[in-house]
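Feature list (source: TrEMBL):
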- 350-368: compositional bias 'Basic and acidic residues' (COMPBIAS)
- 369-380: compositional bias 'Acidic residues' (COMPBIAS)
- 195-320: domain 'Beta-Casp' (DOMAIN)
- 350-380: region 'Disordered' (REGION)
Amino acid sequence: MTSIIKLTALSGVQEESALCYLLQVDEFRFLLDCGWDESFSMDIIDSLKRYDLWTSRHNTEDFTLFTLDDVDSAFDKIQQLKYSQIVNLKGKGHGLSITPLPAGHMIGGTIWKIVKDGEEEIIYAVDFNHKREIHLNGCSLETISRPSLLITDSFNASYVQPRRKQRDEQLLTNVMETLRGDGNVLIAVDTAGRVLELAQLLDQIWRTKDAGLGVYSLALLNNVSYNVVEFSKSQVEWMSDKLMRCFEDKRNNPFQFRHLSLCHSLSDLSRVPSPKVVLCSQPDLEAGFSRELFIQWCQDAKNSVILTYRTTPGTLSRYLIDNPGEKRIELEIRKRCRLEGRELEEYMEKEKTKKEAAKKLEQAKEVDLDSSDESDMDDDLEQPAVVKTKHHDLMMKGEGGRKGSFFKQAKKSYPMFPTHEERLKWDEYGEIIRPEEFLVPELQATEEEKSKLESGLTNGEEPMEQDLSDVPTKCISTTQALDIRARVMYIDYEGRSDGDSIKKIINQMKPRQLIIVHGPPEASQDLAESCKAFSGKDIKVYTPKLQETVDATSETHIYQVRLKDSLVSSLQFCKAKDTELAWIDGVLDMRVEKVDTGVIAEMGDAKEETEDGEPAMDVTPDLTTEPSAAANQRAIKTLFGEDEREISEESDVIPTLEPLPAQEVPGHQSVFINEPRLSDFKQVLLREGIQAEFVGGVLVCNNLVAVRRVSGSTLHHILCKSPLMNI
């Protein structure tokens, strides 16, 4: 590699916590994932926020870390890419390109390929799946050969995964036994990722007459269930070949579920007949509908709870997976209830006070605005500085309009009723098509259900219960001991490759360097030893620790320095094919200027002359000196422009190369670039007027000098022989 490449682990190394890494390629930095744990710990840097997570938390507690406006603001900054779309970066990222590749884990799951100047490839591949599933094709990492750097995880490195057929049979057996025993099945899934695979699987089972499950109910419960299904219908082109053929041949959208009922609240679910199977978010059972249903159903021996995802240690779901025989647990039960009595009166009084304060503040702003315009508005000088509120009927009176119009009006202007002119939207293909005008007949029922949900009616009669967020509420929390009598089972539907497959894929890719992240220490060590055994000395393997920076630059004599303008202007470049080279004599200055204060910080008085422009000392910055989470947050804010006054520690330690005085510049020997070729040497001799021709592989010059290449030596050099050598 000819670039400086470093990776800093902010989170998600040597453990199963959220993934968050900072990749530096020369002066450009990538934030690889920005995960947050299930408890929303502020120690972890994050910029990813999801609607369903906010609603799940807000329904049971006073959640104030972020709002739905923050969610919208984050998603507005996202640039959507298609698979295999090459994006060339600009600015500091000039020469870098990124390409998303399908990961096979979930719809939108991506393996990122980062290329520098068309030569060096960096592959970031975590949570990938090489196996073909119902709704997704597997990834194709085998097609990537000899990348410069591979960043992958060891989450499943030591995990022995059962066959898919065995897992499907286990799921079907559990569901059939529970339903036929008059019990309900809770399947904890995510909001919009792996839930699509399970929804496809269960809907296909329900369609099979031999299974006999058509008499039972199947439901999907989360706050955005309708949006998830509707969005998945528009993403069929990025899914498996099987679904594509079904869509093209039968003209039937595979996500037009026949048996799956979409529910957005527990009241919707209560109208679904029991016994039933419910796909419910969230998978960690820490908040949302899955936790509420678990509390309701876990004490009934007829019911069953199926966990499909190994969440972060410390969550309720992971506790149940690690302790399968647990029969009694204590849970914190949080719920939101309406304010009543004295609490309601106090709340209304506070709201009234807030509104009055806001009104006074608005009036004060308008008064300040009027007073600032006094010099330009002479007519307003005689009027008192009060809030001007215009009240008029259909006919606006004269004193409210302008006085003394310059042009004479032919007739009096009368107001008109407001009219809305619908503007047609166009794109490069013409008028935009309205999907509702081309609905398939089978989809009309779904549209009717949507209209009922939007109007707040279910079955056309009963009004839906009022959202608690629209009325004054409070959150209460209690601790309750629960007896787990229901059957709790973990069935792997995570969509990740198993340990043996991961090792084989890495062996086929043969990366030059490998960084292992996100996994227990034992799994990371096992994967590292396996890769070293396969590739031997051809691969460098790194297993970084938290807050540790890994220098993945393969060339050991590459350093980053700043060049003074006076030094650059004095360089004499020589052209060598498509590049230009110059010899540098300079002094390395380690003093660093602080941008925000202008204070010169003495990092060291060491100055060293270099003949080849390379300092003999390692000036690689160490980012492990301040491992606290607060320091990391400040660093990230600096990198992304949130605080322009701060400067990262890494930028402070880049030294400056200053020119040497002319009298102090030492001489140097000639430098030969690349391997010598006799054919190139012949062209040089011909340009200088020397006759040269090849005779038996020897270059003969003016019939006096014979030039041949010496073979069998580690150093490539040219030997010249002539009669004049003996004189």
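Using the three backbone atoms N, Cα and C, a Cβ is placed for every residue, glycine included.
Remember, TrEMBL labels are computer predictions, not curated facts.
Not measured: the values here are computed from a predicted model.
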Per-region confidence, the domain 'Beta-Casp' (195-320) (mean pLDDT, whole number): 91
DSSP-derived helix, strand and coil totals, residue by residue, for the compositional bias 'Basic and acidic residues' (350-368): 19 helix, 0 strand, 0 coil
Residues in the domain 'Beta-Casp' (195-320) grouped by DSSP into helix, strand and remaining coil: 57 helix, 18 strand, 51 coil
